[in-house]
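Q: One structure follows; several queries about it will come next.
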């Protein structure tokens, strides 16, 4: 009797989309390298292609973590200034809204650098497993705001006046708040999101906010699911 195949884990689904995304990369491309567990799998798959196929590319990392991993995988790196133009940015997401493909990102605290690089790219592709696709944004996942440290109390007060539920993100590895690669704090806020682009702009207009984790500009989403083929979502 044939042994029944076990169900795919979340990591299996992430690996599936990472492998599919690596096929999008062509010779002489400049690639924006996202941050997070799914992006890490993509970086590793891309590193294999660089080694095995002698693929000639450059990567632009969105965090120190992505920079270290890409270096370990043998991917040549350049800064955004040196890159000039990014051909393709590949990143993960905490939530993807069906239909609009708007996102919430920033669970790892890297959303400011991610947004700069992702929005600069000719094409911005997001990798998720099927659990991250939701009917509407923000119902289960807070929006992270990167905030200048000296302005955190002002930002908190403004958010409270907007009838939201803000909280300063604290670190598990040290006492006190999480500090981003840019030297700033993170405030997580649960807020109603009717139109992602409108809310994205509204939160960025708060004095003291550097950037928020709503991404309203995504070209394509690759979704790992239980079927053999990766699902592709487009606007």
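Backbone N, Cα and C define each Cβ position, glycine as well.
Pulled from TrEMBL, these are the listed features:
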- 35, 36, 37, 38, 91, 92, 93, 94, 105, 106, 107, 108, 132: substrate binding site (BINDING)
- 114: active site, proton acceptor (ACT_SITE)
Q: Applying the rule Cβ within 8 Å of the centroid of the Cβ atoms of 35, 36, 37, 38, 91, 92, 93, 94, 105, 106, 107, 108, 132, what extra residues of the same chain belong around the substrate site?
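A: Counting only non-site residues, the set is 34, 39.
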Q: Rank the binding-site residues 35, 37 by how many other Cβ atoms lie within 10 Å of each Cβ and give me the one with the fewest.
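A: With the binding-site residues 35, 37, fewest surrounding Cβ atoms within 10 Å: 37.
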Q: What's the CA-CA gap between residue 107 (substrate binding site) and residue 114 (active site, proton acceptor) in angstrom, rounded?
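A: Here the two Cα atoms are 12 Å apart.
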Q: In whole Å, how far is residue 114 (active site, proton acceptor) from residue 93 (substrate binding site) when you measure between their Cα atoms?
A: 11
Q: Among the binding-site residues 105, 132, which residue has its Cβ surrounded by the fewest other Cβ atoms within 10 Å?
A: 132
Q: For residue 91 (substrate binding site), write down the residues of its own chain that are at least 6 apart in sequence and whose Cβ falls under 8 Å from its Cβ; none is a fine answer.
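A: Residues satisfying the criterion: 32, 34, 35, 36, 39, 62, 105, 114, 118, 124, 125, 126, 127.
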Q: So for residue 93 (substrate binding site), how many other CB atoms are inside 10 Å of its CB?
A: 28
Q: Work out the three-state DSSP category of residue 91 (substrate binding site).
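A: Strand, per DSSP.
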Q: Would you mind ranking the recorded positions 107, 114 by how many other Cβ atoms sit within 10 Å of each Cβ and giving me the lowest?
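A: Per-residue Cβ counts within 10 Å for the recorded positions 107, 114 bottom out at 107.
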Q: Which of the three DSSP-derived classes (helix, strand, coil) applies to residue 105 (substrate binding site)?
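A: It is coil.
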Q: Which secondary structure state does DSSP assign to residue 35 (substrate binding site), in the simple three-class scheme?
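A: DSSP assigns residue 35 (substrate binding site) to coil.
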